[in-house]
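Q: The GTP binding site annotation in TrEMBL covers 167-174, 249-253, 313-316. Annotation comment: TrEMBL describes 334-347 as domain 'SRP54-type proteins GTP-binding'.
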Amino acid sequence: MDFFTKFLSFKKNSDFLSSQKTSDCSSEVCNTTQEDSSSRAEEIKIEESFPDKVSQDDHFSWFQKLTTSLFQTSSQLKKDIGNLLTKSKLDESILEELESLLIRSDLGVDLATRITNVLSTERYKKDVSSAEVIHILSTEIEKILVPVSQPFELNVSNKPNVILVVGVNGVGKTTTIGKLAAKLSDSGLKVMLAAGDTFRAAAVEQLKVWADRTSSDFISAKVGGDAAALAYEAFKQAKEKKKDVLIIDTAGRLQNKIGLMEELKKIARVLRKFDSNAPHAVLQVLDATVGQNALNQVEMFRDVVGVTGLVMTKLDGTARGGILVAISMKYQLPVYFIGIGEKESDLEPFVARDFAKAITGLSEYERVGAHDNTI
C-alpha cells in the first residue's frame, strides 16, 4: 500500500443508497429522454483498516523529494534572510526589509506582516540569528497550513463520485487527472475518465493514454463538441456501469474569458440533473510557477464553479512555491495534493508540516539553537 493510499480517506454509509430517478435530458444539452428507474446502489467493498501512519522510509523518501523540489524557494529565502541579518540587534529597518523580502518571495502580505509582528513582539532590540528567523517562519507557515491540509474524501456508497477538474491553460490538469486515476485504481476503485477538453485533440489523446494505463473507462466527444453534453453522457454511463469515480477534464480557460467560464456553470447544472450534490468535488489545479496570478485564478474559479479544493503542481521547477501559503491564508480552501514531477508517484497528499519545513530548508527533525547563525 503506497503513501497516497494511506492518506486518501474513504467514507462509507452504513445503509445502501437508493439511486434517484433521473429526469429527461435537459433541452440545453439534448432531446434524448431516458426511462425513470429506481434501483439500489451496490455498496463497494474496500479495505477499511488503513494504517494510521505511513512507514518512516516512505515518508522520508517523499520528504526528500519535496525538499529537493522546493530547493529554489528555500535556498533563496535563506540567502536573503542571511544577507539581511548582518547585525545582531533586531531593529525597525530590519523588520521593514524582512517584510518586503517575504512579500517578494510570494508568501503574501498577510504572512509577512504576521512574521514581523511576531519578531517585533518577541525579539525587538534583541540578538536574533537567521536560523531563529527561519524557524519562526517555518512555525508560522505550518500554523497557517494545518487547517487546509485535509484528506481527500470519497463517499464510495455514492456511485459515481463525480470530480470536476478545472484550471487555466497549461497548469497540468490532464496529467493530474491521470495520476489521480492511477492512485484510485490502485486502491481498488472503478474509475471513468471524461475528456471534457473538447477543444484540443491532443488533450483527448493524452487522457486516453492515461485511461489505458490505469485501466479506467474512457469517454470523449468530437473535437469542438459540447462539453456539457459529454458530461451528461459520462454521468449516465458511469451510473449504468456502477463506476465508483467519474473524473471530468475541462478545457483550460483564462479566468477573464466569460464565455468559457459560463460553460463550467453549464456543466455543473447538467450534472445536478442526475445528482443534486454533483459534482461532489471541484478540484482546481494551480501552477506554482505563475506566482501571484494564482490568487486571481482561485478567486474567479471559486466564484464561478464553487471550487472545493486545490492541487498545486510544478513545485519542482520554481522559486515561487511560497504562493501556496499566500493562497491558503487568503482563501482557506483545502489543499488536497501537490505535484513535484511527472511520475505517478509525484502526486501526493499535502502535509502542512512537511511543506513548512521543506520550503524553509529545514530537515524533518531540525531544531534551532538559541544563537546559531548557521542552518
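First residue shown is number 1, and so on along the chain.
Glycine too: its Cβ is placed from the backbone N, Cα and C atoms.
How about a rundown of where these features are and what they're close to?
A: In the three-state DSSP scheme, Lys173 (GTP binding site) falls into the helix class. Long-range C-beta contacts of Lys173 (GTP binding site), restricted to its own chain and to partners at least six residues apart, with a cutoff below 8 Å, comprise Val165, Val166, Gly167, Asp197, Asp249, Thr250, Gly252, Val285.
Residues 2-4, 65-66, 69, 145, 148-152, 172, 175-176, 178-180, 182-183, 283, 308-316, 324, 328, 355 of the same chain lie 6 or more positions beyond the ends of the domain 'SRP54-type proteins GTP-binding' (334-347) yet place their CB under 8 Å from a CB of it.
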Q: Using DSSP, how many residues of the domain 'SRP54-type proteins GTP-binding' (334-347) fall into helix, strand and coil, respectively?
A: 3 helix, 6 strand, 5 coil
Q: What's the number of neighbouring CB atoms sitting within 10 A of the CB on Gly167 (GTP binding site)?
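A: So the number of other Cβ atoms within 10 Å of Gly167 (GTP binding site) is 27.
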Q: When you measure from the Cβ of Gly170 (GTP binding site), which residues in the chain that are at least 6 apart have a Cβ under 8 Å away?
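A: Correct list: Gly252, Asp287.
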Q: Within 10 Å of the Cβ of Thr250 (GTP binding site), how many other Cβ atoms can be counted across all chains shown?
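A: Other Cβ atoms found within 10 Å: 26.
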Q: On the 0 to 100 scale, where does the mean pLDDT of the domain 'SRP54-type proteins GTP-binding' (334-347) fall?
A: 90
